[in-house]
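Below is one structure, written out as structure tokens, with a few remarks after it.
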Amino acid sequence: MSNNKKTLTTGSGIPVGDNQNSLTAGHNGPGLIQDFHLLEKLAHFNRERIPERVVHAKGAGAFGYFEVTNDEISKYTKADFLSEKGKRTDMFARFSTVAGELGYPDTVRDPRGFALKFYTEEGNYDLVGNNTPVFFIRDAIKFPDFIHTQKRRPSGLKDPNMVWDFWSLSPESLHQITYLHGDRGIPATFRHMNGYGSHTYKWVNDTGEAFWVKYHFVSDQGVHALDTDLADELAGKNPDYHREDLYTSIDKEDFPSWTLYVQIIPYEDYKTYKWDIFDVTKTVSKEDYPRIEVGKMVLNQNPGNHFADVEQAALTPGNLVPGIEASPDKMLQGRIFSYGDTHRYRLGANHQQIPVNRPKNESTSYQRDGYMRVDGNGGNTPVYEPNSENGPTEDPTKKINPFEVYGEADSVGYDSEDHYTQPGNLYRLMSADERTRLVQNFADHMRPVESDEIKLRQIEHFYKADPEWGQRVAQELGLSVPESVK
Ligand code: HEM
């Protein structure tokens, strides 16, 4: 035993005399309230859990870096971390499932979160995306309803009736559920999936010229799926299969990497493009806007402590750095509020001081006080602005690019109700084997639904995207496509 073994202390650093026996009045006597160490130990234990993320609760994270490989990117954005070839920026990434709770198996059919934090010299830039380029709904106002269907009924049970009731009544979900029931629905590992920003974002260069941008992180390990039966088996045998895979590959220095490509859309094109580029249920064709390489993301360091670095990580689409701005996407607009709000609830008002969330540059805000303020709280510096004490002031060159808005304030949907062309194209793009697996996965998922009305409503959507697809799912379920749909 080493001589410099440390003495156990309380949280306040007071040496502990006995960590095996609590203090009692005599051998068989009752416990004493003066046993402060026992009380502190039990009380702290009772407070070990913080609220889990309301979605994406189960995940794994790692640190790494992003390196720019293309000198031309600064033509499109003044974002400092993309300014020149060879520039490296430290990063944190977290991958997750969406619907399950903290202990849920990794290998279920679900989208995977692909959340990235870039510690840039101009503050933290977060890109909180998924492994699919589209989403189930296209207005933030529907998100809580949608997520309720993916979670549990008041009975505590999962329920395919509510899942398919909602999806069949929300046909904009068809594109995403096609990805979900195809091979991408269960990635082989977190390393074998692509990541997408999903929304269209805005980039602005140093002359004030703006572009729309779509992010694609392509896995250098290749994209591979898990066979459904194997995934079911693994869910029982090793619920942490994906977390373990990420950890062990980094541990043995087999560092996973992704190449970032962007699609750049000239600013004015949003007015005339054949799809609404702000509708997150749609993709933008690679033929129309080819992918341009930007750089490489490499994950090369496991979290030192899962709770400290992964549970306490707070990523938000609201963290945008100069040169990267929001688009009018109605989902993105809602997300910009939602994440910071949940972080203040889940981790507290000072969550940006937790090491994984702390920017690498100096934060000079006038925010003060609040629970768990641990950074000196600004010392005796001014707590208001403007001030005459040489406190930090704004930099007008960092303002967002002005943009024009028009029309009446109203609650209105997107113009296009075409929920079928893009999913139909995706179906037709699949190989014959993939289509068979897709039809099978849909039928297996829908079989327990009690109401034929719900099943037929969904079959109608498949049929409208591609008659063969509708026919095949109907047949698997022992139903016929209604004549009124044909
Ligand atoms: C996590 C809300 C749509 C990807 C979360 C969390 C909330 C949330 C409250 C928990 C965050 C935390 O506790 O730290 C919403 C709302 C949405 C929406 C209101 C729609 C209006 C989306 C979309 C994507 C996405 C479209 C992907 C394109 C993620 C990811 C996480 C997450 C990856 C996990 C972040 C992490 O790893 O810490 N979302 N979400 N969400 N969401 Fe969303």
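Backbone N, Cα and C atoms are what each Cβ position is placed from, and that goes for glycine too.
Computed from a predicted structure; not experimentally measured.
Listed in TrEMBL for this protein:
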type	residues	note
COMPBIAS	1-25	compositional bias 'Polar residues'
DOMAIN	9-393	domain 'Catalase core'
REGION	1-27	region 'Disordered'
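Within its own chain, the region 'Disordered' (1-27) is flanked in space by residues 34-38, 40, 44, which lie at least six positions past its ends and keep a Cβ under 8 Å from the stretch.
In the predicted structure, the domain 'Catalase core' (9-393) carries a mean pLDDT of 98. Under DSSP, residues within the compositional bias 'Polar residues' (1-25) fall into helix, strand and coil as 0 helix, 3 strand, 22 coil.
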